[in-house]
C-alpha cells in the first residue's frame, strides 16, 4: 500500500479510538467508533483476495449495525432523560441496547458469528489489529455506562466463555482458533465488568499482551494452519519453545501471567456470591486450554515427518524484527509476581 | 458422414416449436447420470420459454419421502456431533497432522457415480453427448461421449461443443454446504487414462458475492492417450482464476480451506468421440513445492 495512505489510515484508527476516549457526549463517542471502523476497512482488503473482501464486508456490516444501534440507544436516552452524557444513562432500555450494540461490536456470544469468518479472511497483522486495538474503544464505553441489567452481562460473559471454548475445539485454522480464543477472553472480561471494572481493564491489557505474542509468533513462522506450525522448530527453534508458554498463559495456568486475571476474576465472583457461575467459567476455560494445548502439541511437542531440505531454515539469518515479540513474550510469562503492584496501579 | 437423427425440434419447425409447449424438450436418449438438479443450475436454454408454474405446482409432496428425509438428516446431524468429539473432520488430530495424501474421489461402486454431475452443450441445444459409467471390475470411472461443435440454431449462441463432469457439492445435515479443507495439501493428484485430448480441470471455491458464483480456478490436463495410466500432479499454485471461461486479469491464488467442487471440461473443438478413465482424484503434500502462486500480476494501466 502507498505509505502515505497507510500512515493516514493508521492515524485515523488511532484518532477514532482517541476521540472515543476523550468523549463524554454520545455523538462524539459514536463518531470515534465510526472513524475507527472506516479506517480499518482498507487495511483489511489490501490484498484484494475475494476472501479478504468478504471479511471486510462482513466486518463493515456488523460494525455499522452495532454503531447504528448505539446511536439509536443514545438518541433514545437523550429523548427520555434530556442529556447526552455517557455516564448518566439511567433507564434500562437504552442501557441494554447500548450493551447489546457494544457486544456486537466486540464479538461477544451470541453475537460472535462474524468473528471467526472475518479473522480467517485477513492476514495475521490485520487480524492482530482487529483483535486488540479495535476492542479498546468499545470497552471504554462499556466501562463508562452503569449496567442496569446485571444478568445480561453475566449471560453474555458465560455464553462467550462457553462458545469460545466449544467453537475452537475442532479448528485447524489458526486464525479461527484465535477468534474463538478472543471470544472466550472477552467473556471473562465482561463477567466481572459490573463488580470490579479495573479487573476488566486488567484482563483486557493482559489479553492484548498475550495475543500480540501469539499473533507475532505465527507471523514469524508464516503459518496459518496447525499443520504448517509443525515446521516452526526448524525456522525459529527458540520461538517454538516459547510458544507453549504463551499458549498456557492464554489458557490461564499459573505461574504464568495469564493466571492473574482469571484468579482475580474468580475471587471477585466468589465474593459476589456467584460461586456456581465462577465454577462454570473456570470449567469452560478448560475447553480453551484443550485447543491451546493442541497447538503446542503440534508445534513443539511432536516432530512431523519431513524431508531434510525443510530442516535447514534455522541456519539462515532472519531479517524479522522480533524485539516486540521478545518483550511481550517476557511479559506473558513473567508478570504474575507483580500482581499486587498491577492491582494497585489499576485501582488508583 | 451425416449426423445421427435426433428426436428433438427439427429446424424447419423451430419457430412454431418454440411457442408450442407440447414438443418434448429433452432428448430421448437418457444420460447414465441424472442431470443437474434445479438447485444447482437455474439455467434456461436460450430460445425456450420460461416455465411459469407457481411454486405449489412445482413441489411434489410425498409423506413417506418426507419421513425418510427427516430421519436421514437427523442421522447426519448426530453423525456430525459425534465426529466433533473425535477431532477435526471426524479424524483424530494425530491423523490430521500426519496426513500427506488423501484420496477424495475414487470409483469403487455405483454409488460413487452419484457424486458427479454431467453436462454438455445439449443443455443449450447442441449435439454433444456425455455419459459416465464404471470401468472394468468397478475400479475406475469411464467418461465417454461425442463432441459436436455445431452451434445450436437458436439465433443467440455462436459457439458450442463442450462436455463436462463436475462433482456435486458435499452437503451435511439439512442440506447445508460442506467445504473440502485441503489446507494441509498443495498438489492435486489424478490418475487418469485419456485419449490424447486436452482437458481442463476446474476447481470451484466458496464465494460470498453472487457475482463470484461462476468463478473457477482452472488448469490444463493434457492426456497421453496411451494404454498406460497417467499420474498427473498439479500444484494448486498453478491454478488461475477464470470467470465463465474467461481468464481474469486480476489473478489471485486459490485458497484451499473452502473448496466446493472439482470438474473436468472438454472443449477442444475437435468433433468426435472422446474417452477419459479416472482411477482416483486425490490431494497430496509436496514438500519440495514451495511456490505460492505461479502468476505475477502486472499493472494494467501503468503511470508513465
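Note that Cβ sites are derived from N, Cα and C of the backbone, with glycine treated the same way.
Among the ranges A:299-322, A:323-346, the stretch that TrEMBL annotates as transmembrane segment is A:323-346.
Listed ranges A:9-32, A:33-56, A:57-80; the one TrEMBL annotates as transmembrane segment is A:57-80.
Mean pLDDT for the domain 'NADH dehydrogenase subunit 2 C-terminal' (A:289-343) in the predicted structure: 90. Proximity of distant same-chain residues to the transmembrane segment (A:151-170), defined by a Cβ-Cβ separation under 8 Å and at least 6 residues beyond the stretch ends, is recorded for 96, 99-100, 103, 108-110, 112, 116, 176-177, 179-194, 274, 277, 280-281, 284-288, 290-291. Within the chain carrying the transmembrane segment (A:92-115), a Cβ under 8 angstroms from the stretch's Cβ atoms is held by residues 33, 58-59, 62-63, 65-67, 69-70, 72-74, 76-77, 80, 134-135, 138-139, 141-142, 145-149, 152-153, 156-157, 159-160, 162-164, 167, 179-180, 182-183, 186-187, 190, all 6 or more beyond its ends. Residues in the domain 'NADH dehydrogenase subunit 2 C-terminal' (A:289-343) partition by DSSP class (helix H, G, I; strand E, B; coil) as 40 helix, 0 strand, 15 coil. Counting same-chain residues at least six beyond the ends of the transmembrane segment (A:233-253), those with a Cβ under 8 angstroms from any Cβ of the stretch are 181, 185, 210-211, 213-214, 217, 220-221, 259, 261-262, 285, 288-289, 292-293, 295-296, 299-301, 303, 306, 310-314, 318, 322, 325, 329, 332-333.
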